[in-house]
């Protein structure tokens, strides 16, 4: 596997900007990192591993802050985590052929784009029984965990609105669950990919870029931008990645 990342320093600069903008509105940005790597042409086997590492870094501080703030409800998180963690490990242990990986990645990015541009204000509410909510939580956790391990997208962008729709928690509790969900799934996915880790020196510029951008954004630009507006702006990266993946698959 070629561990040379094309346009490494340009990619690091892009990651730093994305991390700054996302963190300024309290978001993670894992889907944008994955999309950018697909656009630049990073080796497909490296994309999920690097994405999981960056997800782990970005959500670490958020998870700690949410827990300190008392927003982390174990009873809310547990049904999602009980299925997502093993499925993230399974997804991370699978090495898909290149075409299958790009197909799965493209489908995931299409869902992210729909979430950002079509379903940006989840006003629907489902009145389910306790057992119904448990069943849906277990199913959603398993699906999102598998996606996290397989392609490196944490799943928080889907999970947070679903928690609100199911009436399981408040917006802050949903955000807390999303951050911790991404963190734990990233750990599980990386545990399955230990043998696929790139040389730390290779990705050090990307890691430093995310840390610098995230810290700067959270401290200097907090609440300056509307989260939905920023999601749609950065969603352009995802749309470009979808177009490029379609082109690759057509060849």
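One-based numbering along the chain as shown.
Placement of Cβ uses the backbone N, Cα and C atoms for every residue, glycine included.
Whatever TrEMBL says is automated annotation, not expert-curated.
From a predicted model like this one, the values you see are computed outputs, not experimental measurements.
Under the heading transmembrane segment, TrEMBL lists 7-27 (among others).
Annotation comment: TrEMBL describes 33-64 (among others) as transmembrane segment. Away from its own ends, the transmembrane segment (33-64) comes close to residues 1-3, 5-7, 10-11, 14-15, 18-19, 22-23, 26, 72, 92, 95, 98, 101-102, 105, 109, 148-154, 156, 176, 179-180, 182-183, 186-187, 189-190, 193, 196-198, 203, 206-207, 210-211, 214, 218, 237-238, 240-241, 244-245 of its chain (Cβ-Cβ under 8 Å, at least six residues beyond either end).
Summarising the annotation, TrEMBL assigns transmembrane segment to 76-94 (among others).
What TrEMBL records for 100-118 (among others) is transmembrane segment.
Annotation comment: TrEMBL describes 138-168 (among others) as transmembrane segment. For the transmembrane segment (138-168), the residues of the chain that approach it from at least six positions outside its boundaries are 28, 30-31, 33-34, 47-52, 55, 59, 76, 79-94, 96, 101, 104-105, 108-109, 111-112, 115-116, 119, 122, 124-128, 174-175, 177-179, 181-182, 185-186, 188-189, 192, judged by C-beta separation under 8 angstroms.
As annotated by TrEMBL, transmembrane segment applies to 201-220 (among others). Remote same-chain partners of the transmembrane segment (201-220), defined as residues 6 or more beyond its termini with a Cβ less than 8 Å from a stretch Cβ, comprise 3-5, 8-9, 11-13, 15-24, 26, 33, 50, 53-54, 57-58, 61.
Residues or ranges marked as transmembrane segment in TrEMBL: 232-250 (among others). Here the transmembrane segment (232-250) has Cβ contacts under 8 Å with residues 18, 21-22, 29, 31-32, 34-36, 38-39, 99, 102-103, 105-106, 109-110, 112-113, 116-117, 120 of the same chain, all six or more residues outside its ends.
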